[in-house]
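Report on the following structure.
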Amino acid sequence: MSRLVVVSNRIAPPDDKKSSAGGLAVGILGALKAAGGLWFGWSGEIGNEDAPLKKVTRDNITWASFNLSEQDHDQYYNQFSNGVLWPAFHYRLDLVNFQREAWEGYLRVNSLLADKLKPLIEPDDNLWIHDYHLLPFASELRKRGVNNRIGFFLHIPFPTPEIFNALPTNTELLEQLCDYDLLGFQTENDRTAFLDCLAMQTHLSTSSDGEYTAYGKTFRTEVYPIGIEPEEIAQASAGPLPPKLAQLKAELASVKNIFSVERLDYSKGLPERFQAFETLLEKYPEHHGKIRYTQIAPTSRGDVQAYQDIRHQLETEAGRINGKYGQLGWTPLYYLNQHFDRKLLMKVFRYSDVGLVTPLRDGMNLVAKEYVAAQDPKNPGVLVLSQFAGAANELTAALLVNPYDRDDVAAALDRALKMPLAERIARHSEMLEIVRKNDINHWQEAFIKDLKQVTPRSPERELQNKVATFPKLA
């Protein structure tokens, strides 16, 4: 039976409870347990890159990790992955800081990873590579003679050609991505954007069985919306409340609660959300003294200027809004720039009347799905969701809004706060069915099934494809 080899920027080793808490780790571990295999990635430590791989084995899974030098980590991770790809793929070209040295560092680390992984690969292994840190990774493996099936899943959006083509290395990245056998995206929009970028750069041909050929390389593309563990979240949210949370719930029983949580990031639309809440208070004064909006946004990449700026902006806006609309005994907006235990947040989701999830751009946004899963089906809250989150393609029974339109968001909040129980139950039931169907295990099983059906590459087949395709002439 073929093994599965998973490669990601960071791994979740079995002895690290913090890193293994997320839903992605659950999905990857489920796939690894089913097939047996290897999880390969950065250790999270700055150190000697020539040091032997650190390996841990539990049952049929081995975790293998490596160190990065300070320079390589800075150029590969901070400067290029998060300084170029992250803002560009989230449609923020104004925040892109492209430096040729960072691009070279990004390629160097992908090459280093390929050198370290190649000796561990067995002939019939299936490889599954994750996210924007590793766009050129398959290309590096192919250079080293690896012809195994290699799949790739992009967790963030893929931008349209107008955005992507602004990157100085757009052509190189596209050609490198074509070295994957299967490219998975969160939404059809992302998949289409990738193919549109290719069609503008080179000759893109399509076969009757759904294969694409570009740059002399053949690959498949598909949509795999990532999911969550709905039953685990339902259990966590329904359990007894800790004493402090029980006291808080009692104190807030007289008001309706709007709740949001995400890491502090410019893609999440937090300043626009604060402005929309202010518009709600301005245009719908009947809610004064009767609602409370709590925004939890723990610091993310706090050493980056763009993140420092947004934190300062939110702190200023929260103070201004509370100063303008607050009353003795009523503070309309609570902004908490700190981390909370995930299981505790699921309980908070359950007693919130409105879940407000309005990113400006998001690959999926699992918080929206977690909010749905955490609700009491007999008395659920209402989800207000950005139309630019990948989750909006599935959770169509949410109140979908344009996060750039503060009046639209304010009107949706007013509607959510006034929504009758029967409508809340109907909307929640429809969304919960989708969340349960497209859970994290369905996601990984669908991807692995399709990857296994790919015909492995061979030198003869690649030569035929190169003869059949050629770049577009200028």
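Each residue, glycine too, has its Cβ placed from N, Cα and C.
Remember, predicted model here, so these are calculated numbers, not experimental data.
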Residue among Tyr77, Tyr351, Tyr371 sharing the D-glucose 6-phosphate site, where Swiss-Prot lists Arg10, Asp131, Arg301 as binders: Tyr77
Inter-residue C-alpha distance, Ile156 (site 'Involved in alpha anomer selectivity') and Asp131 (D-glucose 6-phosphate binding site) (nearest angstrom): 7
Mapped DSSP class for Asp131 (D-glucose 6-phosphate binding site), helix or strand or coil: coil
Between Tyr77 (D-glucose 6-phosphate binding site) and Arg263 (UDP-alpha-D-glucose binding site), the C-alpha gap once rounded to whole angstrom: 18
Packing count at Asp131 (D-glucose 6-phosphate binding site) (other Cβ atoms within 10 Å of its Cβ): 19
Span of Arg10, Tyr77, Asp131, Arg301 around D-glucose 6-phosphate - largest C-alpha separation, Å: 18
Env. residues of D-glucose 6-phosphate site, Cβ within 8 Å of mean position of Arg10, Tyr77, Asp131, Arg301 Cβ: Asn9, Ser81, Asn82, His133
